[in-house]
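Chemist: Would you mind keeping the following structure in view while I ask a few things?
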Amino acid sequence: MGHKPNTETPAAAQHQSLLQQITGSVSVASDSLVYSYKRSFNGFAARLTEAEKDKLSGYEGIVSVFPSQIRKLHTTRSWDFLGFPQNVKRATVESDIIIGMLDTGVWPESQSFDDYGYGPLPQKWKGVCQSSSNFTCNKKIIGAKYYHGGRNFSEDEIASPRDSEGHGSHTASTAAGNIVTPASLLGLASGTARGGVPSARIAVYKICWEDGCWDVDILAAFDDAIADGVDIISLSVGGSPQDYFEDTIAIGAFHSMKNGILTSNSAGNEGPSPGSVSNCSPWSLSVGASTIDRKFTTGVRLGNGRTYQGISLNTFAPTKVYPLIYGGDATNTTPGHSIGSRYCDPNSLDRNLVQGKIVHCDDVSAGEEQIAAGATGAIMTTTGIEDNAYALLLPVSILTDDEGVTIVEYINSTSDPTAQIFTTHDFVDNSSAYVIYFSSRGPNPITTDILKPDLTAPGVDILAAWSQATTVTGLPGDDRVVPYNIISGTSMSCPHASAAAAYVKSFHPTWSPAAIKSALMTTAHPISVPDVPDAEFGYGSGQINPSRAMDPGLVYDAGEIDYVQMLCGQGYNSTQLRLVTGDQSSCSSTTTNGTAVWDLNYPSFALSSKKPKANVTRVFHRTVTNVGYAPSNYTALVRAEVGFDTIRVEPNVLTFKNIGEKQSFIVTVTAVLGRTMLSGSLIWSDGIHSVRSPIVAFVAPQEHN
């Protein structure tokens, strides 16, 4: 997508004319046009044949032509856990902050979005509310639109910004929901639900539907959100990594950055595979998911008295003592049916054998087959890691594979095996926060020498608002309609970071997106992960600490020109960049030799090599801006593990006489790279502020070479 056009001819007319040239017909051109992106940047979405697409690619002024793909959503206690209590210092202008939520919409009647006590809308707001007979905005939800790209609606989809899935209501209330007491999921996690910036306003852009989130809709929402006047964009959506100018989220975030808006993105739920992180553009914030100190456990007692503590969100009353049967002993022998009864696969269980019993299954499922077979409950086992709890369709407890073996042994040891499943309860887990297994990991698959994700935020077992148009699980057979629900994912961590960014902006409204991002990264709490050599690929700079981010001391600032220089080093040419930026951006010989990425003023340092056992040296140029006290002196403190030959910082003392003053320094890293990642850090300290940046060195995976 290019820069917003400066010509007198309306963008939509330009797009229509271009399509007419491509298709050879006015009517065909009109029918093929899906969106004209014209408020904040220049581009369009159209239905084209392969030949027409190829023809369009050859026209002068075209940055890129790519198909619209379907992306997916990255599906109480958390703010207190972050040391960000309800009575934390607030800026009086917090109610003027607007967070743009690109998601599944919102359930406006939720207490989390009530507008009691709110004043007039912020004067900067230029958006609209697509109100209808079943949806209206208020002084909390100040704008709402939906995007469907000309596709037909299914019977279950609501043609309005109303949320029919729950996801959008959950993320919006996590970021900026009102303070609501009491809130719980049918008694679980009872307490106060609140967003990180509960006084902020919310602008809703519904881009996700039953079939996912289409690129054409994502770009249309970015186009509107930027022009509408939002301060932060929160987007818990992603797909497979792509070239920056073929990635709609990266494109939208670039234009947001140009307009002073930070985009906060979920890092993805494809972990723990290396290189699985998505939303990797350096101008956006990529957020992984970490745990909090609240856990859920669901007890099981066997007839022999042995007890187990499994995991799930079992909101049902404790079961009675029921007969227990192993799924492998209850195979549906009807011809044509599945033989996977030990796993409780669809159509695999014999109802005559299972009805009225608790069934033990060697795998985890939603519980649909167990219900169909008449089971009263299920004990499921998994060989994987189950650290996040979730609700199912019947009373369930999920145990480990080894525990499952002992349960089968018990079943085989008696003629009358029985079991009982209890209601879930929560408990305090005093172990430190860690990155959840599903959170996508680095290294960055697009630009290896920029560390991603940038940081983590709570994304496990998060209680927040829910849609009344769906149920706890959203599955057929579930009739539990709730105002609040508990779910997990980097989708949940993203709005935590979005709120933290909004909180910083409320105190520093003139700071750039890069400065806000730097404040969040350099004040993040490092996560201690013993015996995990590539931990920073999971948590980046660490877990967010919003209270400290308000006063980071120093920031690593960057703007459009800095990212252009970086893109030049990645192989983009001046022509491509000018079409996107709308100015005379150019690539010089100093920015096309591949070193530009190391000189991007980023708050972290990453050094990779294509060859193992290589002795590698990299030089990083950085500049920090004093946003703390003046005068002040900052001293460099370097921490490095064995494997780094040297990490040298020159100068190692920075002196600032004024607020806003900039000082530059050079970091030279020399390391012998082996099989594991090397981890270190640079901390600038004035005795009050600790401005921390991770330093990592590693051998890039083969597919990234």
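Residue 1 is the first one shown; counting continues down the chain.
Glycine is treated like the rest: Cβ placed from N, Cα and C.
A TrEMBL annotation is a machine prediction, not a hand-curated record.
Note that the structure is predicted; figures quoted are calculated from it, not measured.
Annotation comment: TrEMBL describes 8-74 as domain 'Inhibitor I9'. Summarising the annotation, TrEMBL assigns domain 'Peptidase S8/S53' to 95-540. According to TrEMBL, the feature active site, charge relay system maps to Asp103, His167, Ser491. Sequence annotations record features per position, and here TrEMBL assigns domain 'Subtilisin-like protease fibronectin type-III' to 599-696.
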Chemist: Quick one: Cα separation, His167 (active site, charge relay system) versus Asp103 (active site, charge relay system), in Å?
Modeler: 7
Chemist: Starting from the Cβ of Ser491 (active site, charge relay system), draw a 10 Å sphere and report how many other Cβ atoms land inside it.
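Modeler: Other Cβ atoms within 10 Å of Ser491 (active site, charge relay system): 30.
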Chemist: Using DSSP, how many residues in the domain 'Inhibitor I9' (8-74) fall into helix, strand and coil?
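Modeler: Taking each residue of the domain 'Inhibitor I9' (8-74) in turn, the totals are 28 helix, 15 strand, 24 coil.
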Chemist: For the domain 'Subtilisin-like protease fibronectin type-III' (599-696), what are the DSSP-based totals of helix, strand and coil residues?
Modeler: 1 helix, 63 strand, 34 coil
Chemist: What's the CA-CA gap between Ser491 (active site, charge relay system) and Asp103 (active site, charge relay system) in angstrom, rounded?
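Modeler: Here the two Cα atoms lie 10 Å apart.
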